[in-house]
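S.K.: One structure coming up, written as structure tokens, with questions to follow.
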Amino acid sequence: MAERAALEELVRLQGERVRGLKQQKASAEQIEEEVAKLLKLKAQLGPDEGKQKFVLKTPKGTRDYSPRQMAVREKVFDVIISCFKRHGAEVIDTPVFELKVNDRRILDGMFAICGVPDSKFRTICSSVDKLDKVSWEEVKNEMVGEKGLAPEVADRIGDYVQQHGGVSLVEQLLQDPELSQNKQALEGLGDLKLLFEYLILLGIADKISFDLSLARGLDYYTGVIYEAVLLQSPAQAGEEPLGVGSVAAGGRYDGLVGMFDPKGRKVPCVGLSIGVERIFSIVEQRLEALEEKVRTTETQVLVASAQKKLLEERLKLVSELWDAGIKAELLYKKNPKLLNQLQYCEEAGIPLVAIIGEQELKDGVIKLRSVASREEVDIRREDLVEEIKRRTSEPLCTC
């Protein structure tokens, strides 16, 4: 055992040497020589029948972060975001979305009692999963006309998959005379009922919809499945929000990791993927469609000048405001016109303007202007920070 442990250590060290040479972009000859040494050591080591090690490798080009590292990253990003907001950066938020949930076991049980043959399970699931995009009649025609499902079986499926709701739907299905007799469906419904109990305690049950038409990823999902669907605001008051597509999806998979484990061990996991690019596209389209004026910065005050040759004074004042935690900005032109500076505030929704002029500098004051009311008042320079904080702490229109 001691000899084998020593060989394993040599293999590890030689492997690190090979990786180091590759990172340093050493010559091909040198790398080949060291790889040959590594292979020779592995040959001496031979197979270990009594010990099989399964290692999950991080995909190339990515890395994992520990909780401690993530805490550090979050702090760094918080500082970056805070700094950018202070200097007038704009934030784009994700529109409203709804989370849909279902359970693989409920689908299995539902299809079983409806009479779907095992051989058609996957293909019928793919049809059902289209219900968020097309009507039930189109889905039924596909199942019957293209996939050979009996019309009466399709009708029974339709009675179930067109239902969606919350915990009341779970309780209703638990009383279903057929579904409640199916072991798999009963297990899935029991878990979803527990999930909704937790969601109610967390105060977010209204954001979750139990949707029996959710049927994806069934090659590997074994329990709960879910997706986030972006909602489009209704055009008319009282209309239902319109779904515009899934932007995230995931579920529980107990057998996927075992497929890559030499011993086939069961490793329960829950995963989630987010369609970042799709979210980007949707947000961009949404912004282009907005015709109303919307404030996109958190800037509290613009430092402006009424005359030329006051760039240095503007820089001094904006620096003082930044040091005091005020979100301020200025136009980075040497001699901007006052009218242009005021128009910029109106377009960006900045509520206050701190105006510096030659007379104000002589008197030791700053002229503070409300963009909305256009009222101006002289404030002692040493009192400016407190006055801005007082005014910006009051409710402001964000339009």
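The backbone N, Cα and C atoms fix where each Cβ goes, glycine too.
Given the structure is predicted, the values throughout are model-derived calculations rather than measurements.
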S.K.: Among 84-111, 112-139, 280-307, 308-335, find the range that TrEMBL records as coiled coil.
M.R.: 280-307
S.K.: Within 10 angstroms of the C-beta of TYR220 (L-histidine binding site), what count of other C-beta atoms is obtained when all protein chains are considered?
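M.R.: A 10 Å sphere around the Cβ of TYR220 (L-histidine binding site) contains 16 other Cβ atoms.
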S.K.: Take the mean position of the Cβ atoms of ARG216, TYR220, TYR221, the recorded L-histidine site. Which other residues of that chain put their Cβ within 8 Å of it?
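M.R.: Same chain, not in ARG216, TYR220, TYR221, Cβ within 8 Å: ARG104, GLY217, LEU218, ASP219, ILE225, GLY251, TYR253.
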S.K.: Near ARG216 (L-histidine binding site), which residues of its own chain have a C-beta under 8 A away, given they sit six or more steps off in sequence?
M.R.: CYS125, ASP129, ILE225, GLU227, ALA249
S.K.: Return the count of C-beta atoms lying within 10 angstroms of the C-beta of TYR221 (L-histidine binding site), excluding that atom itself.
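M.R.: Here the count is 26.
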S.K.: For TYR220 (L-histidine binding site), which DSSP three-state class applies?
M.R.: coil
